[in-house]
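Residues annotated as compositional bias 'Polar residues' in TrEMBL: 78-89. Summarising the annotation, TrEMBL assigns domain 'Sphingomyelin synthase-like' to 295-368. Per TrEMBL, the feature region 'Disordered' maps to 63-125. Taken from TrEMBL, the feature transmembrane segment covers 164-183, 203-223, 235-252, 299-315, 322-344, 350-366.
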Amino acid sequence: MTSVTQTPSCDLTDLQSGALLRVEALVFLLLPSVGPRRRDKRTADWSADSSLRLRLAGGASMAASERIQNDGDIVVEPNTTSSGSQATAPPQRVANGVPSRHSPSPTDDHNAKSKGGGRLSGLLKQSPLGQTLSRLQRRCDYTKISMPEERANRLPNEWWKTGVAFLYAVFNLIFTTVVITIVHERVPDKSFFDYVDRVPWAFTVTETNGLILVGFWLIQWLLLKHKAIIGRRCFFLIGTLYMYRCVTMYITTLPVPGKHMVCAPKLYNDSVGKIWRILRLLSGGGLSITSSHLMCGDFLYSGHTVMLSLAYLFIKEYSPRWMWWYHWFCWLLCASGIVCILVAHEHYSIDVLIAYFATTRIFWWYHTMANTHELRGAPNNYLSRTWWNPVFNFLEGNVQTTVPLVFLSPLALLSSCRQRYRMVEGSRDE
């Protein structure tokens, strides 16, 4: 009983079995004849069996050739089974169907095998079966190389992380007002001698320049495509710098730098009055031009210098290099605002210097690690020893490449906002 099955694997076992059957038939046909040409029933049965097996081997060879040509995955497996009978053992060596009368000597048998094997090897290599097996062997010898799957999105928005960074910045801004209220009670009753004449309107210039720079950066940020990633970077740096400011204000309370400064009276143990001062300071944005900042003690280091420097650094980092005129204009606003702080006698020079140093270094450290991905897992990366490195890994863990400068048109921005508004309205209706 003969059955033909299909297997999806590239297995050469059955094909090699078919090749051996063909070799067996070639041995039967090519060896020289010995003795008279007689056939007995046993030899005839074996010859018929061999013919059947030869046809099956030819079928296997043709199937293998078809597989190579069509580049398919079908392998024909000839399975020959017999029911109710045992396998017939092959007779003695025959020549053209006639049993040999004389058994050869071991030496002759070895020489005949060597010569016959060489002839058969050459014929097998030249035959279609040999070429088919050779090509199939080369095909199955290919090594499969597993390539890592590339992520579909290497710049995920992850707005929830942006929200976490925003809450972090808001918390430290609010905490700053709390610390200002506390250090106001610790200002020594001592004035600072002025060596340079004070310019009353200079501090107004500082706050105006700061509002212009922050406005420029806000518009620029809204037009960026990857605003979620850049936004959480900005919020994290603002929160970290103002947290540092809370520490320096509390541990180093300096006297007022000039007699012109009017400080609100101390409240001592009046907790309710301190809470109202915190709310008033928050409502005016902590600016003098809104008349919300009437407390003293928040000198080391300068918060105005932080916002001026940080706004300029973000504007320059996330804008095209060909906009040099825009960069220079923002730099002039930043530099003139910082100089006016000193001219107005609102801060000591050490306040401005430390604020500039802290802002620029933290900004450069963060963006060096964000834009150089090889540093993140490097054992000799000393920037990873900062306390905020786990926070950095949380915010930047899924950002696999440098953020490109891609801007959206205002119309596209309005369309995106309208689409999100419709989605929110649809979810509410459900």
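Heads up, the Cβ atoms here are built off N, Cα and C, so glycines get one too.
In TrEMBL, annotation is done automatically, which means it is predicted and not curated.
Values in this document were obtained by computation on a predicted structure and should not be read as measured data.
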Considering the transmembrane segment (350-366), which listed stretch of 164-183, 203-223, 235-252, 299-315, 322-344 counts the most C-beta pairs under 8 Å: 299-315
Cβ contacts the transmembrane segment (235-252)/the transmembrane segment (164-183), at least three under 8 Å, sequence gap 6 or more: yes
DSSP helix/strand/coil residue counts for the domain 'Sphingomyelin synthase-like' (295-368): 55 helix, 0 strand, 19 coil
Whether the transmembrane segment (203-223) meets the transmembrane segment (164-183): three or more C-beta pairs under 8 angstroms: no
Intrachain neighbours beyond the transmembrane segment (164-183), with Cβ under 8 angstroms and 6 or more residues off its ends: 231-236, 238-240, 242-243, 245-246, 249-250, 253, 274, 277-278, 281-282, 286, 295, 297-298, 303, 395
For the domain 'Sphingomyelin synthase-like' (295-368), the mean pLDDT of the predicted model: 92
